[in-house]
Structures are given as structure tokens and as C-alpha cells.
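Input: a single structure, listed below in C-alpha cells.
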Amino acid sequence: GTAGMMSSVANLSNTILGAGILAMPYALKNDGVFLGFIVILVSGFTAGAGLFLQYRCSRYLDRGTASFFAIAQKTYPSLAALFDTAIAIKCFGVGVSYLIIIGDLMPQVIADFFFADGDVGDTIFVSRRFWISCFMVALIPLCFLRRLDSLKYTSVVALVAIGYLTVLVIGHWLVGDTVSYRGTISIGPSSLSGVLSTLPIVIFGFTCHQNMFSIVNELRDNRPTNVLFIIFSSIGSAIILYTLVGITGYLSYGDNVGGNIIGMYASSFSSAVGRAAIVVLVLFSYPLQCHPCRASLDHIYTHFILQSTVSQVRSGIQKTSIPKQRFVVLTSVIIAFSYIVAITVSSLETVLAFVGATGSTSISFILPGIFGYKLLGSPYHLPIPDVKDDDETLESGETGLRQAVRLVTPEFDDWDGDGDREIVRDVDGEGYIIKYGSLALAGWGIFIMVVCLGTNIWLLRHAS
């Protein structure tokens, strides 16, 4: 790996802080202030637990080869393609939501900056399809970058945009210029169905797990302390920003708040800059969804097309990059189909709710949970240089390794008979806690998926 700590924090934070922050005040509309804060806190904690389990599972693979597909091949091989299908759908849905935001905001940005009365009239500048088309062209070069670390500078720019949005929302609340548009403010939840319908939006807001394996693979020094710092920094900052934007945005408009807070402010220079900043944010966040979506589609292709021989599948898992022709085709397909869906669907809340209920719960809770339960405590591989003596073993930070090294011979044990020297990892008290905590996290994800998906389907039918 060659990626640094700060670039990894920037990319993971940018993956988290996307379209979800715009809908956070809308989520608090149904949750109320107190319950809304609790939901944000619990969602952030469980999302962080999923990221931690992904890192622990990655230690069971060769350095730089970790992915959902590779771990599924070691745990549930028959379901590997199904898992990657869920990931691809989730990342695709998030990318579509970003394009919808661009189409919604750009007419307002142009009106605020270039038309004194704020009315662009019946021109092409009011067309959301026109703006989505323009920005898709700008996105193409970024989507064809192979390494996630190549997006670190655009991620920093996107995070600056998030900072401006936060200041803007808090500023409007402090000034109180939205009082005339404010509805009723509730401390408690509005209804059970309302809470369940917006819960996926909050969960969606913390979903960044599709890029966690890439970050671990590319990280120059992926010791546990460094990875935990990246997780805590990214999740912690997201909890703070979601709470600030969610509560102050909701207090500004009350029950009249919509699904896109930045689109509700009256025309002004500050709000115009805020809308432009969000356009920049989602513009630079879209490639962060294209990257894992492409990888998942490649894994699915590898599973079904190359499954004729075990060696081909194994080489497909271990390869470090997608072949050039397939890379171009997959990237082009993602861009084309996301463009078609974005110009067809205009409801951001609907996209976030269904993507959050299915894809987000799958890759945030269910997959890390079942992988962790299956792998933690099983024989554990480490390169020989990492276990030369007790000091180096202790620096790896893995629970139980010191005792394991003392139990094996100086030549190490060949526990699986493949001719490689390995060690066997102990399962101590902490290991059992993490193992069965993984199972609890998977159960939590399944519960959230079933309840929230059922609620959203029922509300959609009821509305129609």
C-alpha cells in the first residue's frame, strides 16, 4: 500500500458524508429531536462496528487482496456473487441519488447567480436532464481512475463543501430567517411508521463499507491502531455533522422540512454558494461509488464466467486490477445506466429509503457480521517476517498472538498442509466477544432490513 492516513480519512469521510446529510433534517421530522439524536448515535456506532469487523476479516487474506468477494469465497462461496450483487446495487443507487441532487440544485444555482429575479424562465437552464447530462461528461475522467487513493484531493474539496453546508444550516437557524416557513416542532416521534420509514435514511448516511477494503488494501501502514484511528475519525465526524445539520435544519422548518434541506432556502448569495458546494460534493463523491460498484460487477463476472476451473476463479480473486477492456466496459455500463435512472427518477427520499433499507443494511451490518462470526477464531495467517519475535507479534495488535507463538515450534506449524509456515490464532475472551458480537450485528441488520423495507413498501402503496 502507498496511501497515507489523512488521505484514507478523507476518502472514507467523503464516502460517508454524501447525500445523506441533506435528508437528515427530514429524518428528524419523524423521529423528533431526542429520538433522532439517539438514532444517529446508534447508527454511527453500529456502522463503525461493521468497519472494524471488515478490517479484522481482511487479516485472514493476503495483504492487498481483501474484498467482500474474496472473504465470501473463504466463508460462504456459494453466496459470493449474491453478496456482491447487493453491494453493486447499493453503490449504484447512491450514485443515482448524487445525480438527482445535481439535477435538482443546478437550476437554482444558475437562477441565484445569473438572474436577478431568480427566474430562469422557460430555458434549457431549468432542465434537470440538461444539467445531469453536463455533469456526467465531467465525471467520466474521475470514474476511470483505478485507485481509490487517486481521489484524495477531490475528497478534500468535497469535505470543504460539507463544512460550508453545515455552517450555512446552523447560520440560518441562528438568524431565524425561516421562522415564517416553520411548522410544528416535535421533541418526540410522530408515529412508528414515520420513524421506520426514515430509519434507512440515517443508516444510509453512515454507509461507507463498500470502500473499507480498498482503504485497508491501499493503506501504507495498516496496523490496528491506524485503522481504528481512520474509523473513529470518519464515523465520529459524521455523527457530529449529522447531528448539527439534522437538528438545526429541523428546528428551522419544523414539520415543513423537505427531503433536501439545501433546496429549501430562499434565493441569496449564501444559499447559492451552498447549493453550488453540494453540487461539487456529490460530483466528487460519485466516483467513490463507481469504484466499488465496478469491483463488485467484476467479481460477479469472475464468479459466473470463470467458474469453469478453480484456478481461474482463484486468480480472478487474487488479481490486483481489472483487465483493461473489462474495466472500460464495466465503467461505461455503470455511467450509462445511472444516467438513465437519474433522468427518470426525481424523488431523492424514495431512492435513499430503499437503498438504505436493502443495500446499506447488507454491507454495513449483515455481511461484516456473518463474515466475522465465521472467520474470527479460525486459523490465522501472517507472513513470517511479522512474527520473528514476541515484540513484533505484539506490535501487530492482534489479540492472542503472543500466546499462539509460544505454543508452536520455531519452524511454525503447517496447519493446513499446503507447505506454508503459519501460526494458529488463539480464541481468548475478547475473541469470543467479537465473534458473537458479529452475529448480533448481522441479526440487527436483518431486523432493520425486514422492518424498514416492509414499511417503505407499505407507505408507497398507501400513497398511491
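Heads up, residue numbers simply count up from 1 along the chain you see.
Cβ coordinates come from backbone N, Cα and C, glycine included.
Feature transmembrane segment, per TrEMBL, maps to range 187-206 of the set 187-206, 207-226.
Counting residues 6+ beyond its ends, the transmembrane segment (439-460) has Cβ neighbours under 8 Å at 46, 49-50, 53, 193, 196-197, 199-200, 203, 350, 353-354, 356-358, 361-362, 364-370, 372-373 in the same chain. Residues 92, 95-96, 99-100, 103, 128-129, 132-133, 136, 139-140, 143-144, 146, 290, 293-294, 297-298, 301, 321, 351 of the same chain sit 6 or more residues outside the transmembrane segment (327-345) yet have a Cβ under 8 Å from a Cβ within it. Across 76-103, 123-144, 187-206, 262-284, the stretch most heavily in contact with the transmembrane segment (156-175), judged by Cβ pairs under 8 Å, is 262-284. Only pairs six or more apart in sequence are counted, and the transmembrane segment (227-250) with the transmembrane segment (262-284) gives fewer than three Cβ pairs under 8 Å, not enough to call it a contact. Take the transmembrane segment (187-206) and the stretches 34-55, 76-103, 123-144, 262-284: counting Cβ pairs under 8 Å, 34-55 has the most.
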